[in-house]
């Protein structure tokens with residue numbers, strides 16, 4: 001699957017400090033320690049109702065990760081998937097009277113357009129579930145062979161499930177207790193009451209073919225992949241075990257990321273799926289959770305059609321720390337627009353205060369668990385000094401503009 005167009009990054013003199021990120025599994029901020037090439041997998045969209053601000057906040061988070069790693073001298077092998085085979089997609093297509101493939105293609109193209117407008121650096125590999133079905137089939141065969149998976153006793157629909165007890169460390173990523181897992185499993189696409197399962201928390205690996213649903217051939221019977229196994233297969237086949245960062249929204253911690261890791265660790269024993277599990281907070285609207293069911297999604301494409309500068313959307317989302325749940329309001333957007341205007345006014349000056357210390361602080365704050373609020377404040381301080389008192393460094397405005405572009409993804 002084709003990604004979106006790349007964005008040229010300005011070169012900022014020197015190199016940024018090593019990146020430190022909060023690891024959900026370890027419950028602490030610790031160094032990211034990649035080799036020359038950093039490896040990162042981020043869970044992509046299910047292509048309907050794209051791209052709302054919750055999506056945007058997640059992909060901006062990992063865009064910052066990408067930029068900070070590059071600024072630190074690393075190449076970045078970034079993989080992102082698209083869940084273009086899933087029940088919510090089929091349900092939306094049926095509701096709207098369109099083919100699910102047509103709906104998926106349309107929403108994926110809109111997502112690409114939104115990401116390019118927000119100046120999100122594209123993944124090196126952008127992989128759809130449909131194009132990776134054969135990989136999933138091979139993965140399920142391995143899980144069946146080593147006893148980590150089983151077929152339910154159902155002659156009509158012999159679905160294949162993952163044994164939750166296949167790994168001793170299951171649950172290490174989320175740290176949730178059994179009661180919390182049971183509640184979230186039911187709320188987030190699980191099927192705890194499916195007859196024939198050995199444990200209510202066992203997760204679907206392969207859904208046997210049903211009338212009216214798409215299916216693909218497999219040695220164990222035609223069907224389609226479960227949700228979690230798609231990411232396990234795509235990530236392992238492109239990045240290998242113990243890649244540097246798995247990322248997504250905090251609503252993916254459980255069940256999706258917990259099971260993706262468990263599937264992989266059942267095949268590659270003794271090695272963690274990823275070295276860092278990193279999760280972005282959720283975005284609400286005017287004091288309420290933003291969700292499809294509430295009908296209060298704010299779409300990037302709608303804001304763009306209304307004439308909102310994508311750079312302001314980006315600044316508005318970066319004004320809160322990535323790990324915190326936060327609200328989108330008119331006041332947030334107005335503040336972002338005002339900040340963008342001030343930054344552009346200051347960097348358009350013929351001279352300004354020296355830029356070196358500001359760029360160093362910008363780098364340091366971003367390397368410290370992506371502290372974007374402090375990073376924005378560092379630029380604000382330079383801008384205020386430039387507008388209020390001027391300066392004699394003729395290269396400073398351009399240097400600040402290039403650093404803001406390269407590190408924050410905001411073109412001034």
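A Cβ is built for glycine as well, from the same backbone N, Cα and C atoms used for every other residue.
Database features, via Swiss-Prot:
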{"type": "BINDING", "residues": "43, 231, 256", "note": "Zn(2+) binding site"}
{"type": "BINDING", "residues": "43, 44, 45, 46, 58, 81, 82, 83, 227, 249, 250, 251, 283", "note": "L-cysteinyl-5'-AMP binding site"}
{"type": "MOTIF", "residues": "45-55", "note": "motif ''HIGH' region'"}
{"type": "MOTIF", "residues": "187-192", "note": "motif ''ERGGDP' region'"}
{"type": "MOTIF", "residues": "289-293", "note": "motif ''KMSKS' region'"}
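Sequence-distant contacts of the motif ''HIGH' region' (45-55), counting only residues of its own chain at least 6 positions beyond either end whose CB sits under 8 Å from a CB of the stretch, comprise 82-84, 86, 88-89, 92-93, 103-108, 110-111, 114-115, 249, 282-283, 285, 290, 292, 297-301, 313, 317, 328. Across the structure, residue 283 (L-cysteinyl-5'-AMP binding site) and residue 43 (Zn(2+) binding site) are spaced 17 Å apart at their Cα atoms. Between the farthest pair of Cα atoms in the L-cysteinyl-5'-AMP binding residues (43, 44, 45, 46, 58, 81, 82, 83, 227, 249, 250, 251, 283), the distance is 23 Å. It is 58 that, of the binding-site residues 58, 250, has its Cβ surrounded by the most other Cβ atoms within 10 Å. Under DSSP, residues within the motif ''ERGGDP' region' (187-192) fall into helix, strand and coil as 1 helix, 0 strand, 5 coil. Listed in sequence order, 41, 43, 81, 256, 260 are the same-chain residues at least 6 apart in sequence whose CB falls under 8 Å from the CB of residue 231 (Zn(2+) binding site). Counting only residues at least six positions away in the same chain, the Cβ atoms of 51, 55, 82, 83, 107, 108, 111 sit under 8 Å from the Cβ of residue 45 (L-cysteinyl-5'-AMP binding site).
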